[in-house]
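**Q** Annotated NADP(+) binding site per TrEMBL: C:ARG48, C:ARG54, in sequence order. Sequence annotations record features per position, and here TrEMBL assigns FMN binding site to C:ARG125, C:SER126, C:SER127, C:ASN238, C:ALA239, C:GLY278, C:LYS293, C:PRO294, C:THR295, C:SER296, C:SER297, C:ARG319.
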4 protein chains.
Amino acid sequence: MSGNSLGLLFTVTSFGESHGAGIGCIVDGCPPGLDISVEDIQLELDRRKPGTSRHVTQRKEPDSVEILSGIYEGKTTGTPIALLIRNQDQRSQDYGKIVDTFRPGHADYTYWHKYGIRDPRGGGRSSARETAVRVAAGAIAKKWLKEKFGIVIRGYMSKLGEIDIPFQSWDHVSENAFFAPNLEIVPQLEDYMDAIRKERDSVGAQISVVAENVPVGWGEPVYDRLDAEIAYAMMNINAVKGVEIGAGFDSIAQRGSVHCDELTPKGFATNHAGGILGGISTGQDITVNLAVKPTSSIAQERASIDKDGNPVMMATTGRHDPCVGIRATPIAEAMLALVLIDHALRHRAQCGDVVVNTPRIPGKIA
Amino acid sequence: MSGNSLGLLFTVTSFGESHGAGIGCIVDGCPPGLDISVEDIQLELDRRKPGTSRHVTQRKEPDSVEILSGIYEGKTTGTPIALLIRNQDQRSQDYGKIVDTFRPGHADYTYWHKYGIRDPRGGGRSSARETAVRVAAGAIAKKWLKEKFGIVIRGYMSKLGEIDIPFQSWDHVSENAFFAPNLEIVPQLEDYMDAIRKERDSVGAQISVVAENVPVGWGEPVYDRLDAEIAYAMMNINAVKGVEIGAGFDSIAQRGSVHCDELTPKGFATNHAGGILGGISTGQDITVNLAVKPTSSIAQERASIDKDGNPVMMATTGRHDPCVGIRATPIAEAMLALVLIDHALRHRAQCGDVVVNTPRIPGKIA
Amino acid sequence: MSGNSLGLLFTVTSFGESHGAGIGCIVDGCPPGLDISVEDIQLELDRRKPGTSRHVTQRKEPDSVEILSGIYEGKTTGTPIALLIRNQDQRSQDYGKIVDTFRPGHADYTYWHKYGIRDPRGGGRSSARETAVRVAAGAIAKKWLKEKFGIVIRGYMSKLGEIDIPFQSWDHVSENAFFAPNLEIVPQLEDYMDAIRKERDSVGAQISVVAENVPVGWGEPVYDRLDAEIAYAMMNINAVKGVEIGAGFDSIAQRGSVHCDELTPKGFATNHAGGILGGISTGQDITVNLAVKPTSSIAQERASIDKDGNPVMMATTGRHDPCVGIRATPIAEAMLALVLIDHALRHRAQCGDVVVNTPRIPGKIA
Amino acid sequence: MSGNSLGLLFTVTSFGESHGAGIGCIVDGCPPGLDISVEDIQLELDRRKPGTSRHVTQRKEPDSVEILSGIYEGKTTGTPIALLIRNQDQRSQDYGKIVDTFRPGHADYTYWHKYGIRDPRGGGRSSARETAVRVAAGAIAKKWLKEKFGIVIRGYMSKLGEIDIPFQSWDHVSENAFFAPNLEIVPQLEDYMDAIRKERDSVGAQISVVAENVPVGWGEPVYDRLDAEIAYAMMNINAVKGVEIGAGFDSIAQRGSVHCDELTPKGFATNHAGGILGGISTGQDITVNLAVKPTSSIAQERASIDKDGNPVMMATTGRHDPCVGIRATPIAEAMLALVLIDHALRHRAQCGDVVVNTPRIPGKIA
């Protein structure tokens with residue numbers, strides 16, 4: 001309960017540091033009988049792993065996952081699934097100079113004051129390397145949601161710095177290094193990133209995630225609302241500074257007559273709500289945007305202090321993503337999957353697999 | 001754990017419906033020895049209560065709180081503090097027509113499908129009336145944070161519909177019905193709201209909240225990050241559709257060289273981080289914005305369906321806030337206070353009241 | 001989470017002191033659609049209430065319960081059910097002398113040192129008066145378990161001091177003040193208690209509880225085992241010093257060939273396991289014994305100290321049960337019901353209402 | 001939260017099966033700055049490991065532990081400590097015949113019905129092999145409790161089958177295979193066990209555990225009482241059927257004038273309470289007894305059924321402990337340590353490292 005577990009019933013407990021022995025997690029509460037192979041998980045890890053283009057960190061980590069428990073003859077048994085990813089490309093020496101100095105924009109300063117001690121190697125626990133285990137755990141969640149309910153969870157980059165990326169097709173997302181849903185714009189994105197790197201700078205991004213086919217009725221009424229849990233999950237991703245659901249910040253300037261989605265016998269007429277009303281899923285697409293800040297590690301000289309409070313100038317020279325948003329899409333998908341499966345189980349606990357004797361609205365809500 | 005409790009160590013468990021016997025909560029985990037009176041709580045409740053201007057709902061609720069337990073001779077004893085607010089102005093008949101019909105933009109549809117049953121009187125549990133108990137619980141949290149650490153938590157309205165409200169002074173906030181930090185703009189806000197009401201429409205708003213004097217080191221490292229918990233808390237407020245910390249969505253287009261706050265011996269040079277790095281407080285002001293959607297209840301005819309799926313047209317005629325954002329400021333403050341006290345206690349649990357043998361940066365971080 | 005909540009999914013959060021405004025609880029997570037009336041709850045409360053015979057405390061408390069929320073038109077709605085029992089017979093003056101002195105065998109000493117403050121009126125929060133709210137919450141749990149699964153939970157007194165009480169019939173239990181399943185022995189119990197009271201002393205008891213018709217498969221595998229949760233629940237009852245399941249302490253001297261229950265096509269041949277194997281219910285009767293210590297409040301002079309550490313002699317003269325075990329039976333039943341419903345929901349969350357495609361052993365396991 | 005985690009603030013989440021890749025755990029919430037080495041943990045594991053005498057299972061498992069995270073330069077950093085013990089001596093073929101048959105007295109039957117699937121290799125998750133990880137986690141807890149508060153946690157076997165083992169000296173415990181605090185009786189215990197093994201039978205035992213130097217004030221008031229948490233923890237150990245604190249089941253026949261411990265300026269006069277009053281530690285020794293049932297796996301033919309409900313006769317021929325109680329002492333110590341550290345942190349959260357302005361009783365309570 002010290003901030004390394006996610007979920008009440010489908011619980012992921014994570015461990016590991018950037019340059020320690022490895023990273024991993026225990027997934028507890030997975031329903032039994034689900035087919036899960038190493039490949040199911042590796043497929044998702046490969047989408048997030050570093051070194052796949054010149055626009056991301058050049059650290060070489062295969063991120064090969066080992067399943068230590070919880071699977072018997074290819075199926076989940078209902079007992080904890082432990083996953084282990086050994087670190088391969090540790091270069092602790094790269095980080096020697098930051099042992100006594102706080103990198104600006106990083107957690108060095110806050111960890112030091114919180115714990116009175118910190119593992120400085122690559123940021124230790126605060127490194128975004130930890131997000132690999134969420135992707136691994138999310139792969140299990142995604143598979144169960146897909147098989148049990150037909151739920152599809154997909155994300156893409158919707159903004160890179162000042163550039164808006166108009167959505168063209170889900171098919172484009174997997175065909176470029178940016179997870180952009182628009183292949184035409186990719187050359188522009190590449191030029192943009194090349195310029196940023198040349199300036200030894202970094203930039204932010206916006207990621208959008210959508211969940212389709214979520215049943216009506218998931219989420220809790222007052223706290224633990226589905227949107228609140230999604231906001232929590234997304235803001236738990238390193239570098240995320242904002243989250244919005246549906247119309248989000250645009251709803252500030254909207255009128256009620258515009259924002260509020262009308263209902264028809266064939267379903268909702270619009271989806272400004274982003275698929276959630278009163279904290280509970282409506283059956284429409286759940287739509288989420290997240291703001292990812294620019295990478296704090298840049299090769300420019302920046303003012304900082306050391307542990308004794310003396311001023312220092314430092315540039316961060318290790319291998320870093322010039323835009324951490326580029327690899328954030330699979331992480332955001334995983335987080336959404338983890339929230340949804342937890343609420344699927346919570347809903348089932350209180351209300352049962354089927355709620356009987358209740359007249360329902362006919363027709364699919366789309 | 002079915003979505004009516006907030007906080008791990010300072011836990012608020014809420015109950016009650018809009019037009020039932022009353023609303024209330026149990027606050028568990030409050031440190032012993034804190035002076036708390038009914039007046040301390042009532043003061044905050046009065047800031048949120050309905051009927052105080054023509055721009056909010058005309059429901060007459062004094063929101064008088066009774067302390068049922070946990071206080072002895074004016075001090076908290078460390079045992080649960082139960083708070084009860086009896087409902088006074090129930091008008092169940094106002095809501096008779098919505099028993100079999102789903103109000104668009106409301107939780108009627110989702111509650112019905114989740115539970116197979118719902119209390120239709122004024123939205124039952126989904127009514128924003130429940131937020132009064134958060135304000136009451138937040139008053140206790142605020143007082144402890146103030147007395148123990150000198151923490152000050154304040155909020156204001158920063159946007160009303162299309163109107164930006166430039167910050168002038170904290171002193172203005174309590175002197176107008178909008179919680180606007182700018183008395184000059186208030187006539188414009190009043191005209192704007194009068195026009196909205198005349199059109200039988202509603203509008204959204206943006207609320208900003210700031211916490212000053214939070215010590216360095218609160219928050220957890222991977223999940224339960226301080227910013228994630230704040231996002232969760234805020235998104236748990238009815239009608240909130242987006243949350244951002246520090247630079248928030250603006251950080252998408254920022255460069256790392258701009259966003260990332262430099263450190264100096266006298267403290268941080270800027271505060272784009274909004275007082276949180278790596279999920280942990282930096283000692284700077286914690287700054288949060290939330291987007292509040294327009295009230296769904298409007299007096300215009302809107303398309304909807306009944307429980308059998310038949311199309312209906314309905315206008316919501318009860319007493320409603322034309323902009324729910326207007327009364328949201330005290331609620332947002334309370335939610336921030338509840339998150340902070342919980343993390344104060346979590347920090348103390350793991351790291352102790354004092355972390356010893358650690359060189360610290362001299363001087364206040366401002 | 002500061003020790004006033006029970007249950008993960010069917011969560012009871014309790015509040016109140018012996019001589020404060022009242023006691024009560026919030027029941028969160030109750031499945032929707034259950035018929036619940038005040039009478040359902042009052043019936044169980046009346047079994048526990050004081051003043052019903054000369055063998056229990058003469059405090060006059062009708063223990064009238066008010067349902068504040070969570071019920072609409074007689075049915076649970078899935079939202080929190082708040083219950084309130086106002087205290088009627090507060091006699092704070094009875095307790096004046098114990099404000100600065102620690103009653104031996106009571107929580108006065110430990111509360112004082114834990115919190116640095118305590119409500120001395122009747123023991124405040126540490127009074128067994130709090131157990132009324134568990135009985136109230138347990139009534140809801142019992143009803144759901146009965147209606148959904150036909151589960152019957154019943155208890156009785158199996159030992160009073162040195163006297164063993166041989167089981168004769170469940171029908172006898174409600175016909176005497178001791179919850180003895182044997183009317184023949186009741187005159188002996190009455191004489192025994194009269195003698196104890198005359199000696200101004202108190203005595204212990206053993207309570208036995210049985211749950212019938214629990215389905216196979218409830219409980220968790222490693223921690224949160226069903227027997228562990230029962231032990232936890234029972235030991236949370238004031239004055240309980242020991243818990244055993246099935247053969248319990250007798251199993252120390254048993255051989256494996258005797259203890260270990262054989263399986264036959266018609267079910268288990270014996271039930272030394274007490275209905276639980278590997279932490280999970282077997283479908284047989286769940287059988288639990290608990291040891292209740294003698295009441296600490298006796299009218300004899302006893303050595304103690306005051307807050308400054310000075311020696312004092314004190315006799316406790318208020319109104320007290322000469323054997324707290326006498327009223328413990330309904331409490332123990334309630335605690336068992338609360339554990340079972342929580343695990344019913346937890347089982348349903350992970351494994352669903354029905355586990356499909358699995359060959360099952362035919363026939364009832366009895 | 002599916003029964004594989006223990007503790008609210010010092011949380012152990014366990015994984016692994018008897019004959020899978022390995023077992024391990026994540027320890028979350030450990031205070032930072034504690035010196036922990038592999039040796040600290042291995043020392044405790046070696047006390048529990050199999051194959052150390054002819055009276056325990058002959059499975060050869062070195063139980064070598066690897067620390068995967070959370071330690072930097074020999075000190076805990078406050079981040080999760082992951083521990084991994086690879087299984088070495090898997091003999092899945094030994095268990096082939098139990099794939100379709102339920103061993104009497106084991107969890108086979110209940111796991112099958114709960115999950116609809118089970119890992120039959122050596123009992124899978126239900127094997128007592130899992131307890132090694134508790135011992136490993138407990139080693140960390142023990143060390144912190146010792147260094148911070150001088151707390152000493154020790155256990156011993158107090159009964160073996162029909163044989164009472166009178167306490168002579170803590171020094172004897174480590175000098176015999178039974179953890180008996182009495183070397184004189186060891187030859188009798190050896191003969192007894194040799195006879196049991198010759199009969200191809202098994203037998204139960206009683207383990208006693210004591211914690212010294214626990215400060216006054218740990219534990220919660222209503223639920224999560226310290227004794228309730230201890231009962232929960234102990235009953236979570238495989239094969240435990242009963243738990244008692246202090247006088248335990250003997251308190252049934254005690255008078256209040258005997259049981260209830262008087263207080264003197266020098267401390268408590270007696271300790272029938274077992275160091276806990278009102279759920280909170282008194283500062284006296286915490287004393288716990290647990291009843292361990294005889295091993296269910298015996299080499300005698302026993303009646304059972306297969307998955308289709310057909311009758312079968314089966315003897316369990318693998319390598320098994322003839323008395324699981326023999327290796328239970330280090331496990332019980334670990335469980336007590338895990339409960340205590342969790343409540344140390346919980347106490348610190350709510351009440352602070354020091355509760356000030358409170359007159360205290362002078363002198364040590366012994």
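Any Cβ shown, glycine's included, is placed from N, Cα and C.
Just so you know, TrEMBL annotations never went through curation; they're auto-generated.
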**Q** Could you give the Cα-Cα distance between C:ARG54 (NADP(+) binding site) and C:SER127 (FMN binding site), in whole Å?
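**A** Distance (Cα to Cα, whole Å): 20 Å.
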**Q** Count the other Cβ atoms sitting within 10 Å of the Cβ of C:ALA239 (FMN binding site), across every protein chain shown.
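**A** Excluding its own Cβ, the number within 10 Å is 23.
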**Q** Pop the Cα-Cα gap between C:ARG48 (NADP(+) binding site) and C:SER297 (FMN binding site) into the table, whole Å please.
**A** 19
**Q** Which has the fewest other CB atoms in a 10 Å radius around its CB: C:SER127, C:THR295, C:SER297, the listed binding-site residues?
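**A** If we count Cβ atoms within 10 Å for the binding-site residues C:SER127, C:THR295, C:SER297, the smallest count is at C:SER127.
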**Q** Measuring Cα to Cα, how far is C:LYS293 (FMN binding site) from C:ARG48 (NADP(+) binding site) in Å?
**A** 18
**Q** Give me the largest Cα to Cα distance among C:ARG125, C:SER126, C:SER127, C:ASN238, C:ALA239, C:GLY278, C:LYS293, C:PRO294, C:THR295, C:SER296, C:SER297, C:ARG319, the residues the record lists as binding FMN, in Å as a whole number.
**A** 44
**Q** Quick one: what's DSSP say for C:ALA239 (FMN binding site), helix, strand or coil?
**A** coil
**Q** Counting only residues 6+ apart in the same chain, whose Cβ is under 8 Å from the Cβ of C:ARG125 (FMN binding site)?
**A** C:GLY16, C:GLU17, C:SER18, C:TYR111, C:ASP119
**Q** Are there any residues in the same chain, six or more apart in sequence, whose C-beta is under 8 angstroms from the C-beta of C:ARG48 (NADP(+) binding site), and if so which?
**A** C:ASP63, C:THR131, C:ALA132, C:VAL135, C:ARG327, C:PRO330, C:ILE331
**Q** With 8 Å as the upper Cβ-Cβ limit, not reached, which of the binding-site residues C:ARG54, C:SER127, C:THR295 neighbour chain D?
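**A** In terms of proximity to chain D, the binding-site residues that count are C:THR295, given in sequence order.
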**Q** Indicate the candidate from C:ARG54, C:LYS293 with the smallest number of other Cβ atoms within 10 Å of its Cβ, considering only these binding-site residues.
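**A** Result for the binding-site residues C:ARG54, C:LYS293: minimum number of other Cβ atoms within 10 Å at C:ARG54.
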**Q** At a CB cut-off of under 8 A, do any of the binding-site residues C:ARG48, C:ARG54, C:ARG125, C:LYS293 come close to chain B? List them or say none.
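**A** Near chain B - Cβ to Cβ under 8 Å - we find C:ARG125.
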**Q** So, in DSSP terms, is C:LYS293 (FMN binding site) helix, strand, or coil?
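**A** In the DSSP reduction, C:LYS293 (FMN binding site) maps to coil.
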**Q** State the three-class DSSP label for C:ARG48 (NADP(+) binding site), counting H, G and I as helix, E and B as strand, and everything else as coil.
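**A** DSSP assigns C:ARG48 (NADP(+) binding site) to helix.
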